[in-house]
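Taking it in order: structure first as structure tokens, then the write-up.
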Amino acid sequence: MIKNFLKITWRNLNKNRMSSFINVGGLALGMTVTILIGLWLKDELDYDKSFDNYERLGQVYGHVTTNGKIYTGRAMPIPMSTELRSRYGRNFKHISMASWMENHILSSGDIHVGRKGFFMEPEAPGMFSLKMLRGSQNGLEKPNDLMLSESAAKALFGDADPITKQVKLDNKDLVTITGVFRDFPENSSFKGVDFLASWQLYVASEPWIQNAQDSWDENSFQVFAEIADNTTFEKVNASIRNAKQDHVSDEQKNQEFRTIVHPMRDWHLRSNWENGVLANGQDQYLWMFGVIGFFVLVLACINFMNLSTARSERRAKEVGIRKTVGSERRAIILQFLCESVFVALVAFLLSVLLVNIALPWFNEVAGKAVTVPWGEPVFWLSGLVLSILTGLLAGSYPALYMSAFDPASVLKGAFKAGRAAAIPRQVLVVLQFAVSVTLIIGTSVVYKQILHTKDRPTGYDRDRLVMIEMRSPDFYGKLDILDNALKKEGAIEYMSESSSPMNGVHSNNGGFGWEGKDPNLTAVFGTIWVTNDYGRSIGWELVAGRDFSKDFGADSAGVIVNEAAVKYMGMEDPVGKVVTWGGNRTYHIVGVVKDVVMSSPFEPVRQVAYFLDQENVNFMNFKLSARMPVSESLAILERTFKTVMPGVPFDYQFADQAYAEKFVLEERVGKLAFFFTFLAIIISCLGLFGLASFTAEQRTKEIGIRKIVGASAFTIWRLLSVDFLVLTLVACTVAIPVSYFLMHRWLQKYTYRATVGWELFGGAVVLALLITVVTVSYQALKAAATNPVKSLRTE
Amino acid sequence: MIELKKISKWFPVNGARSYVLRHIDLTVKPGEFLSIMGPSGSGKSTLLNVIGMLDRFDEGEYLFQGEEVSKLKEKQVSALYKQYIGFVFQAYHLIDELTVYENIETPLLYKNVKSGERKAIVADLLDRFNIVGKKDLFPTQLSGGQQQLVGIARALAGHPGLLLADEPTGNLNSKQGEEIMEVFTQLNKDGVTIIQVTHSEKNAAYGNRTIHLLDGWLQG
């Protein structure tokens, strides 16, 4: 019997090519979206699962309650690890200190490469289950041990075995390669970690780190942990709660420190802390795209339902006949469901092809390296389940509708679906367009928010501004040499050094004081150390006072603050006033600058203090000359670097690029939303097109008669289009409040946000109407242009 | 086998009843070949549909093999169609997407007849109606007479005891019509009860009883 059903299905598909194309194509597009989103979701949910002990790994975080607000951070002091090992040891299997994941220079002979890596303790390689290609996981025992990733090893040594070979780290320390591990996968928090070096080496490398070994105040490191087998994160967190609190200095006693281990399973999707609790993180996008994927599939199913029921008159006779030869209703329902499942399976095969075509592009937009697991039975099984579910969903309404036909009336040939029969179809079209319009509005809001934020004044000039990280001792003490050489060649206008790059504030400090400060307030400022020409090289805007200058000898006792700081301190006339820091040091405010957006462009700028210092700096900033092409300036820069500092790779970043990277997540969301919206519209249009062609066909006789009695082509066009336009308008009235609600909520997470005005909704409505008119008009005009004699003869 | 007692059927038109059948009393015994005649709109097709349980009636009682039809569930009606009743229509009503062979086979699929047996029954019918050569053609590729033969073959595939034919020759020329009537006569001789609706006296004469309808009333 199934064979008989399939035969009929196939012949029907073949016979009505147009509607088959719309049905199969629409479902395939819908399934393509679902599969892409499914692969993306799986990739996101599998994040960090490549670590063997995924479920038990975590990172030590601290919640600090200051001025009634809870701030959360993962910067830890070195004694934290000793404390956790000694006093709370039974909670943990492994603990390792770690540096930040930073760029360092690895050199082998003449090859210098800049690679990211960690300095960690000997337990780390085992704890993070490094997949060793050469050597063992015990490769960090000695201070001069270093383990390389496969790709870094290849870059430094080609195909040769690097074990026991020596490498120079930051042109300073000679280290020995003890192991090669497989690169961390794309969806890993350690993606791009190309080496692990010894923590002992790190401590020995800088005096301040040596001094930090016993200091509970030097929160400049990370602590990773693997909890013991017999416990849970909840138990551990209850136990270690006061690990830091017990050691804070007296002046910090008015703050509360709570120590926790943040589980690895939450790192990627849930690491956004707001006032001590996990707020919406990446996982909200999982939901968002999951819902979009579902709705796009529903849209495609609606198409199927609409076209199937609209064309049901053609199948009515068959239903009647089948019933008179003894078919029960159940068997007819079964038949139509078989048909839709079959169509869904065909659509699935097509969508697999489409996914394959779209995947490289999708990966680029989504910033992923998702692959289709062709070889895995799970994938095909899921596909089969998806097809069957889609088929059942799409086929459900048509099957119920058509199987209810009364054989006597359909066989009399009198069967014409009345106006009432069109109502469910109209509801479905409204639903379809409501979803599409919601997506249009949603995507527009995302883009508006991005554009709005991009338009925000940043308080400095990103144009021709180049940053270079000072990654080894080679860089230090070269400011004047470089400055003179580059200015002489006309490559730059200004050069400066600073402790933070343009795209981040790397240090925040407490202990600030000023006249009139509330004694209970723990004043925390972003602190940035800069050289004289910093302001001139980044082009900040002074609103009061003056910039740092060599002409004033005592500027090391001066400080420049931003407007946010003035507001924070509540000063009336700040220039000349005194700020104290760390109890005894006093600084005079020499100038006030407009807020410089260094952290998130979506957030207000926090208070920052700029100090003059030649030593405590980590970045070089170059303002390239406007009188020379950028490429030429860069060439001079590189040449000068090679002369002044041979042995360091010339790695630079443009400030405007660094700034643009702050929008990566939002832009990614925008692009994906745009893509899915586009497909949703295409699917809806396919359905509308099919429905319009059906209506036109059904009303052929009416149109013929109207033309004979003198209706113009325009009247005919209006006759056929107006119904659909009304439906679109109804859909818009549904979509506007829904999208307003959703997008209003989404925008709440940005402090600096765009206002969503009526013009945006109006635009979406106009767009939806336009799409409808264009889609429907083809059929309407075709009907209007048909010779009435011809159409009437066919009746 | 069929017993209609005071069967009436109407449609509501502007609050009033527009009768199609009025107080029909009719008994049909097994083995009969009954012809129902009457002008257009007299209700003869409706009567046949009521007998075939395709149409509901509004008043009266209808016993089919002693069972009250108004109390039959959809499933039981389907079972009757499968086992006992075959339909032949004026417009043939073949499934256009199925071949001749597949059309005849359809009722057998619903009866869950095994594949081998199905083949035998269909082959037998094709042979009997002389359409073996057409078995792989689609209905639209056949003449009207041929289509009606397929329709009859399909109706007979389930070995029905009762054949209901609504103007089976209405769309055929006289020669084709005669052939169909010959087939009916033969079937009746083989024991199949036949009720046909017809316009033509000549065709009605093939049956062994004729009733006349006028404006929903059974005449004489």
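Along the chain as shown, residues are numbered 1 onward.
Heads up, the Cβ atoms here are built off N, Cα and C, so glycines get one too.
All annotation found in TrEMBL is predicted automatically rather than curated by experts.
For reference, TrEMBL has these:
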type: DOMAIN; residues: A:20-242; note: domain 'MacB-like periplasmic core'
type: DOMAIN; residues: A:291-404; note: domain 'ABC3 transporter permease C-terminal'
type: DOMAIN; residues: A:433-602; note: domain 'MacB-like periplasmic core'
type: DOMAIN; residues: A:674-788; note: domain 'ABC3 transporter permease C-terminal'
type: TRANSMEM; residues: A:21-41; note: transmembrane segment
type: TRANSMEM; residues: A:285-307; note: transmembrane segment
type: TRANSMEM; residues: A:332-359; note: transmembrane segment
type: TRANSMEM; residues: A:379-405; note: transmembrane segment
type: TRANSMEM; residues: A:426-447; note: transmembrane segment
type: TRANSMEM; residues: A:672-695; note: transmembrane segment
type: TRANSMEM; residues: A:716-740; note: transmembrane segment
type: TRANSMEM; residues: A:760-781; note: transmembrane segment
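The stretch from A:285-307, A:379-405, A:672-695, A:760-781 with the most CB pairs below 8 A to the transmembrane segment (A:332-359) is A:379-405. Beyond the transmembrane segment (A:760-781), the same-chain residues lying 6 or more positions past its ends with a Cβ under 8 Å from any Cβ of the stretch are 433, 436-437, 440-441, 444-445, 448, 681, 685, 688-689, 692-693, 695-696, 713, 716-717, 719-721, 724-725, 727-729, 731-732, 735-736, 739-740. As a quick check, the transmembrane segment (A:379-405) and the transmembrane segment (A:21-41) clear the bar of 3 or more Cβ pairs under 8 A, pairs 6 or more apart, so the two touch. Long-range neighbours of the transmembrane segment (A:285-307) within the same chain, counting only residues 6 or more positions beyond its ends whose Cβ lies under 8 Å from a Cβ of the stretch, are 19, 22-23, 26-27, 29-31, 33-34, 36-38, 40-41, 44-45, 269, 340, 343, 390, 393-398, 425, 428-429, 431-432, 435-436, 439, 669, 672-673, 676, 679-680, 683-684, 686-687, 690-691, 694. Taken together, the residues in the domain 'MacB-like periplasmic core' (A:20-242) have a mean pLDDT of 93 on the 0 to 100 scale. For the domain 'ABC3 transporter permease C-terminal' (A:291-404), residue counts in helix, strand and coil come to 98 helix, 0 strand, 16 coil, using DSSP.
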